[in-house]
Amino acid sequence: MVKIVIHEERCHGCGNCVIACPVNACNSPNVWGGKGPEDGEDVVIKVVNGTVSVINEDLCEACMTCELACPVDAIEIKT
């Protein structure tokens, strides 16, 4: 089972992780275009009120792309 840990004190809501996530890109045309996902789309993470939030951890494939995309090490994938 995958656990996504968000270090909210570090996150500044840039959205790099949201756009980098391949699951998000496959499930949301907006993410594929470099924008945030819409409400109701099947995504793993998204920026909510200026901080990244886990939306559906079960969709995470533990590829670590989001973790690598974060410039401030605010997201951590634990397997």
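In case you wondered, yes, glycine gets a Cβ from its N, Cα and C as well.
Counting residues of the domain '4Fe-4S ferredoxin-type 1' (2-31) by DSSP class, helix then strand then coil, yields 14 helix, 4 strand, 12 coil. Sequence annotations record features per position, and here Swiss-Prot assigns domain '4Fe-4S ferredoxin-type 1' to 2-31.
Marked as [4Fe-4S] cluster 1 binding site by Swiss-Prot on the basis of similarity to another entry: Cys11, Cys14, Cys17, Cys70. In the structure as shown, the Cβ atom of Cys14 ([4Fe-4S] cluster 1 binding site) sits within 10 Å of 15 other Cβ atoms.
Around Cys60 ([4Fe-4S] cluster 2 binding site), the same-chain residues at least 6 positions away in sequence with a Cβ under 8 Å from its Cβ are Val2, Ile4, Val23, Val44, Ile77. In this structure, Cys60 ([4Fe-4S] cluster 2 binding site) belongs to neither helix nor strand by DSSP; it is coil. Annotation source Swiss-Prot lists [4Fe-4S] cluster 2 binding site at Cys21, Cys60, Cys63, Cys66.
The domain '4Fe-4S ferredoxin-type 2' feature in Swiss-Prot is assigned to 51-79; the stated evidence is sequence analysis. Distant neighbours of the domain '4Fe-4S ferredoxin-type 2' (51-79): 1-8, 10-23, 27, 42-45; these residues of the same chain sit at least 6 beyond its ends, with a Cβ under 8 Å from one of its Cβ atoms.
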If you measure between the CA atoms of Cys70 ([4Fe-4S] cluster 1 binding site) and Cys63 ([4Fe-4S] cluster 2 binding site) and round to the nearest Å, you get 14
Other than Cys11, Cys14, Cys17, Cys70, the chain contributes near [4Fe-4S] cluster 1 (Cβ within 8 Å of their centroid) the residues His12, Gly13, Gly15, Asn16, Val18, Val52, Cys66, Ala69, Pro71, Val72, Ala74, Ile75
Checking the binding-site residues Cys17, Cys63 for other Cβ atoms within 10 Å of each Cβ, the smallest tally belongs to Cys63
Integer Å value for the Cα distance linking Cys21 ([4Fe-4S] cluster 2 binding site) with Cys14 ([4Fe-4S] cluster 1 binding site) is 14
